[in-house]
Amino acid sequence: MDSNTVSSFQVDCFLWHVRKRFADQELGDAPFLDRLRRDQKSLRGRGSTLGLDIETATRAGKQIVERILEEESDEALKMPASRYLTDMTLEEMSRDWFMLMPKQKVAGSLCIKMDQAIMDKTIILKANFSVIFDRLETLILLRAFTEEGAIVGEISPLPSLPGHTGEDVKNAIGVLIGGLEWNDNTVRVSETIQRFAWRSSDEDGRLPLPPNQKRKMARTIESEV
């Protein structure tokens, strides 16, 4: 059995115990108590699957947490603040652009747009977004630029459907890339997108997609809204 699986279960058991003590003092609100009940059922199921006693695991989890807290400084207990990363200038973000062959698709709370008239170009993706815990938190805007600076694609959040995950953004990037590469464009991404929004690119920043995936993604973006 993986040691991380065991220690994770042990810590979860102890933290549940702490939350239970908090609830016993009638300090928890309704959502807190609801999560407590659901997590209790989950821990019982995990304990049965792992063949571990919950009481024993709780004691072991307490030792792990105490050891961590002994090494923790007050500074480390502060909640990390979001960082705002910018590939684009204000002018690049606010510039109007037009499509000769407009295509767009709504994927969850994100809108993907591209000009399918663009062919045989080298295209760079740039984005402005916030990051927390070294992961993308909120996409502000992503745009695709030709080497000449023309905007040929875009991914933006829909104001009417707030909320998206890093995985949502990654999937949307895949759809945009697939559509652009279908027309024999070479697509590269900025370093910030590579690091926080698309972790599978190669050293040149190109987003390698096999031909069958390109075709699938190109078909996906065919539906106009």
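Here the Cβ of each residue, glycine as well, is placed from N, Cα and C on the backbone.
For reference, Swiss-Prot has these:
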type	residues	note
REGION	1-73	region 'RNA-binding and homodimerization'
REGION	175-210	region 'CPSF4-binding'
REGION	204-225	region 'Disordered'
REGION	218-225	region 'PABPN1-binding'
MOTIF	34-38	motif 'Nuclear localization signal'
MOTIF	132-141	motif 'Nuclear export signal'
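Cβ atoms under 8 Å from those of the motif 'Nuclear export signal' (132-141) belong to residues 80-83, 88, 93, 110, 154-157, 164, 166, 169, 196-197 of the same chain, restricted to positions at least 6 beyond its ends.
Per-residue pLDDT, averaged along the motif 'Nuclear localization signal' (34-38), amounts to 91 for this model. Mapped onto DSSP classes, the motif 'Nuclear export signal' (132-141) shows 0 helix, 8 strand, 2 coil. When DSSP labels each residue, the motif 'Nuclear localization signal' (34-38) comes out as 5 helix, 0 strand, 0 coil, counted as helix, strand and coil in that order.
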